[in-house]
Each structure stands twice: as structure tokens, then as C-alpha cells.
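*Asks:* What Swiss-Prot records for this protein is below:
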{"type": "ACT_SITE", "residues": "88", "note": "active site, nucleophile"}
{"type": "ACT_SITE", "residues": "206", "note": "active site, charge relay system"}
{"type": "ACT_SITE", "residues": "236", "note": "active site, charge relay system"}
């Protein structure tokens, strides 16, 4: 993990990246938070980015949750309000992390286009085959079926990703089955967010995540303080879109009110 320190810190934000990516794709967002007075804590999830494990493969989704737990422990050492921002699969990790805590001890949570359902549907035969392969060949990798231009309209980001050797393009059968299992778990109603301020920020033209499932989850989650905002016309990676400064302002307005 890494820490980017603000000159006059008022809070700490822990950022959890999504599938296939890593911390290097968040340079703009990290600097926006840092220059706004937030220490930023972030790392690469297991099997992604600069981690030494097999890229695109995990044994269990719990590996992600355990890793993020260490990041949050680091954030707490600053004795400042701690916020959690999870994007896409990182949002799913954030949800499951909160559910596992008796007392989350975080000031607020932002979910950016959280992965609570997939737009791209795997055909039934391949899905059935993956169940068997998950037992006999869990590390077998297949093409993710995702293209970079499905995630953002930002041409600069698209060009950078096309030449990025750390961008994961193949995932294991085990990774796929663990993702589906965790999505199913996350959709079970929970009171874990009852006392945690929650902001869900969803791309209006999301080509990766099924936003109807995000709305369903949001409507079903018990919380004394929750808000949903949808960004019309924006693709999945709202913090990379041409309108990202407006998106960031909305995220910061949410966190600032709890400092």
C-alpha cells in the first residue's frame, strides 16, 4: 500500500480500485483528494497491478477484503476521520468489508458504480462449464470480454490503458466464480450500513455494471443516512470521464459535511 499525505490534513480517504486495474490509474483522483486536505491510502488488490501474485487470479474474494482491512488500519493511525471510496469491484469489496465489521469505525462510504450486477452476460453453456473448471482448473484464465472504451469516454485514459502492461486482460475461472458469489452475497439485505453515511454515485450510461441492480441494492439497504446520485450519459468510470471534476466536487461535498 501507499500513502499520499496532504499538507494540512483534515481526513483520510481509502480508495479501492476495480477489477483489472491498479493504483496507477488513480493519479488524478489521488491528487484531487490530497490537494483538498485528505491523506490518501491505497494499494493494489491481490492479483492486480504490482502485486506479485498470479495476475487476474485469486483463491477467494476474502483476499480482497483482508487486504483492504490492512489499508483501513493504516488510515486509522492518523487519528482523523476515515472515509472509504470503492469503485466498481472495489465498491463490492467495500460493501462486504462493512458487512463483516461489528463496528466499521469509518466516517462515511462512497460507492462509485459498484459491481452489483454485470451488463455483459456470459452464455449459459460457458457459465455451467466454469462451475466444473472452478473445481478442477481454478487458475485457468479466459479473456475478460471487456474493452477499455466500454469504461470511459476519456480518450487520454483509453490511450494510456491500451499501452499499460499492468492492465489485466485475462481473469481466472475462480475469480469469475468468486465475483458472482460475492455479488449474490452483497444483494442480501443488511443493516450493516445503518449508522454509516452512504453515497452511491452511479454512471447513467454504464456498459459494465447493471445499474438496475445497483438501484435495487440501494433501495434495500437499511441506512439512516444514504443518498443516490446518477450521472446521466457518463460511462462506468465516473472519475475518469470528461465531467470528472463535477463528479469529484459531489464526492467531496459529501465527505466535507462530516469533518
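Cβ from N, Cα, C; glycine included.
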*Asks:* Using Cβ atoms only, which residues of the same chain lie under 8 Å from the residue listed as 'active site, nucleophile' while being at least 6 residues apart in sequence?
*Replies:* 17, 18, 19, 112, 113, 114, 115, 208, 209, 236, 237
*Asks:* Can you tell which of the active-site residues (206, 236) has the fewest other C-beta atoms within 10 angstroms of its C-beta?
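*Replies:* Per-residue Cβ counts within 10 Å for the active-site residues 206, 236 bottom out at 206.
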